[in-house]
Amino acid sequence: MSSAVPRKIGENQYQIDADSNLGMKVPVRIYADEALMQKMLSDRTIMQARNVASIPGIVGHSVVLPDGHEGYGFPVGGVAAMDAEEGMISPGGVGYDINCGVRLLRSNLTEDIVRSKLKELVTDLFSSIPSGVGSKGAVKLTHSELDEVLVKGVNWAIDHGYGSSDDADVCEENGQIQNADPNKVSDKARKRGAPQLGSLGSGNHFLEVQKVSEIHDEEAAKRMGIEEGTITTLIHCGSRGFGHQVCSDYLRVSEQAMEKYGINLPDRELACVPNNSEEGESYRKAMFSALNFAWSNRQMLTHWTRNSFQRVFNQSESDLEMKLVYDVAHNIAKVEKHKVDGKDRNLVVHRKGATRAFPANRSEIPLKYRDLGQPVLVPGSMGTASWILLGQPNSMNLSFGSTAHGAGRTMSRSKARKNFTEDNVKKSLNEKGIFIKALTRDGVVEETPQAYKDVDSVVNVSHNLGIATKVAKLVPIGVIKG
């Protein structure tokens, strides 16, 4: 067997050993069942993970999670940890949609009550929440106000009446990562981002009204306020054009700087710079600004979502008990402490299409869940289930405290447009009892469930490996898309 071909090393575990002839500094570790592995082998996922293993300063192994698929340079559904002192930081290891992430709201409403007004609710949400390519938010920001957003994150939104401090308490990084620096952000990123704060966007971003269909961990579900038969809302969006421009700007900076630092890589899309270099510091501070933009963005959408529910059901927010369960990022890089070869090390953990899945007692977990473990939100494709999981100790051994971020695309958007029609997709959703409102035909067709892997298979791999275990299954009844 070629050294570049994954070999099975255990149930749902595959490895490509480090091969210096290929420039690899560490092995590649892939977590997948056989069907998911075959899908990864059908595109460039494995080759990209192998290329990531050649980045200077990478430690442990280059990780591919069960939703892994081909991306820009790094595979989506990939994790790479670099030594914080001697390793690299890579814009491509975070991706264009910096802090694309998900947040989950619970409620005390039941399915029968919501179904009686489902079309009215989805229509109200659709009209209240700006969506679509280039969509603009409902706020106009001055230069200094945008600076505040980039530094304060979710707390900027809360300070301006969008929700309460309770919301910040259950966000990764409390919704405000420190050491963001708006001065490291280009004017072009500002011009793209400022008008878009408070908008959902397009592509795979969505807002979904769901019902809790299964409970797998009673204790964890109770702590999260999740009850079978009740209604939840999942919001999936990121930093919009702002984060995209930050990534574009610093990919160019990194490409130009690699020669200066003597960095040679098999793929220019892996462009990186030393973490502690001037360029690395600048990218990190700009990227952190985009993280905060996204947390503020999701907070504003949360506020408007609560308002829609209040209008449609004529109840107050406290009556509805629409509490934020958790908010997690899945395109991010930050320094974390991990044990490697028995020693604690500070590592720059890049998660691209990957969700943090820390076990109980990590200080980074919000106090509410610290003794339980970190909630993990894994959205499925449009019209299929989503899952709440709970981070487990094995994530620290296998995947640098990470798990999958969703179902993972298997069909290109162009192929989906050729193979499906808007009417067919909507009819299929309607037959499942799902009402959808979308701004464009492409927004429906490109996100057809058939374009994605089976989210249940992805979750089963994570659960069976003890990376993150099942808490509850959520199924959609209403969807809005750009």
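Yeah, the Cβs are placed from backbone N, Cα and C, and that goes for glycine too.
Feature annotation from TrEMBL assigns active site, GMP-histidine intermediate to H405. Under the heading Mn(2+) 1 binding site, TrEMBL lists D97, H205. Annotated GMP binding site per TrEMBL: 204-208, 330-331, 379-382, S386, 405-408, K481, in sequence order. Annotated Mn(2+) 2 binding site per TrEMBL: H236, H330, in sequence order.
D97 (Mn(2+) 1 binding site) has N331 nearby among the binding-site residues L207, H236, N331, G408, counting only those with a Cα within 10 angstroms of its own Cα.
Annotation note: H236 (Mn(2+) 2 binding site) sits in a strand segment as assigned by DSSP. Counting every protein chain shown, 26 other Cβ atoms lie within 10 Å of the Cβ of D97 (Mn(2+) 1 binding site). A distance of 5 Å separates the Cα atom of H205 (Mn(2+) 1 binding site) from that of H236 (Mn(2+) 2 binding site).
Between the alpha carbons (Cα) of L207 (GMP binding site) and H236 (Mn(2+) 2 binding site) lies a span of roughly 6 Å. Within 10 Å of H236 (Mn(2+) 2 binding site), judged by CA to CA distance, lie the following recorded positions from the set N204, H405, G408: N204.
Counting every protein chain shown, 30 other Cβ atoms lie within 10 Å of the Cβ of H330 (Mn(2+) 2 binding site). Contacts of N331 (GMP binding site) defined by a Cβ separation under 8 A and a same-chain sequence distance of 6+ are given as V94, G95, D97, I98, N99, C100, G101, G238, G243, R351, K352, G353, in order along the sequence. Spacing of H330 (Mn(2+) 2 binding site) relative to N204 (GMP binding site) is 13 Å (Cα to Cα, whole number). By neighbour count, meaning other C-beta atoms within 10 Å, the densest spot among the recorded positions H205, H405 is H405.
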